[in-house]
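Asker: This is the structure I want to talk about, given as structure tokens.
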Amino acid sequence: MESGFTSKDAYLSHFNPQDYLEKYYNFGAKHSAEDQILRHLLKILFKIFCLDGVKGDLLIDIGSGPTIYQLLSACESFKEIIATDYTDQNLQELEKWLKKEPGAFDWSPVVTYVCELEGNRVKGTEKEEKLRRAVKRVLKCDVTQSWPLGAVPLPPADCLLSTLCLHAACPDLPTYRTALGNLRSLLKPGGFLVLVDALKSSYYMIGEQRFSSLCLGQEAVEAAVREAGYTIEHFEVISQSYSSTMANNEGLFSLVGRKLSPCV
């Protein structure tokens with residue numbers, strides 16, 4: 001791939017969703033840093049969506065990638081979910097799981113873990129079907145555009161969720177701030193913003209392919225979120241980092257904010 005920050009075209013050409021899933025989401029297969037991080041993220045998302053009152057009618061997941069782990073607790077608190085991504089291959093991988101097609105990634109170990117977190121109220125198969133029913137649409141998304149979902153008519157969302165996306169989509173802080181502002185147009189006043197992303201990372205690996213990452217610190221993230229028109233209700237740092245062969249991050253963070261209402 002070209003030098004410099006990984007371009008959008010490079011993602012279309014070089015991002016392999018099957019390799020990504022196998023490297024980062026092969027849950028329970030080994031006691032790896034990736035396994036521990038996924039456990040942390042599932043616990044955080046369970047707390048946000050099942051304990052902390054982040055709920056509503058519509059959640060839009062920005063940059064879903066080929067993954068569904070981030071939606072397993074969210075589907076308990078939102079009636080409808082829209083999944084989005086920039087790359088066609090990730091959208092196809094999502095559709096494969098939603099439609100139970102042959103070769104779809106096996107999320108059942110992750111689903112079982114989330115069911116345990118939620119008190120085993122339902123079996124894993126029931127949880128999977130609930131999420132499939134909740135995901136109403138899978139759409140193309142580009143956070144660098146003023147209208148990230150294009151001209152698709154949608155009601156304003158009660159919550160925007162974005163996990164491990166913006167650090168890879170934004171080459172610099174001005175673009176990051178602009179992306180947060182662009183996303184704001186999708187959210188109703190008072191609606192929730194939930195971000196999970198890597199801290200102090202400049203790259204991540206999928207096999208031999210190296211992808212750029214925007215080096216984000218807590219202060220920079222908080223400043224960008226506020227400048228884009230959100231309040232911050234909660235910020236948590238996860239000290240666990242990925243394996244040194246996978247990425248060079250220094251932990252991750254989760255943030256819950258809300259879109260400021262317009263001044264009267």
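Using N, Cα and C of the backbone, Cβ positions are placed for all residues, glycine too.
Not measured: the values here are computed from a predicted model.
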Asker: Which one of T112, T125, T163 goes with Y20, Y25, G63, Y69, D85, N90, D142, V143 at the S-adenosyl-L-methionine site, as Swiss-Prot has it?
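Answerer: As annotated by Swiss-Prot, Y20, Y25, G63, Y69, D85, N90, D142, V143 share the S-adenosyl-L-methionine site with T163, chosen from T112, T125, T163.
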Asker: I'd like to confirm something. Which of the recorded positions, R132, D197, S213, has a Cα closest to the Cα of G63 (S-adenosyl-L-methionine binding site)?
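Answerer: Ranked by Cα distance from G63 (S-adenosyl-L-methionine binding site), first place goes to D197.
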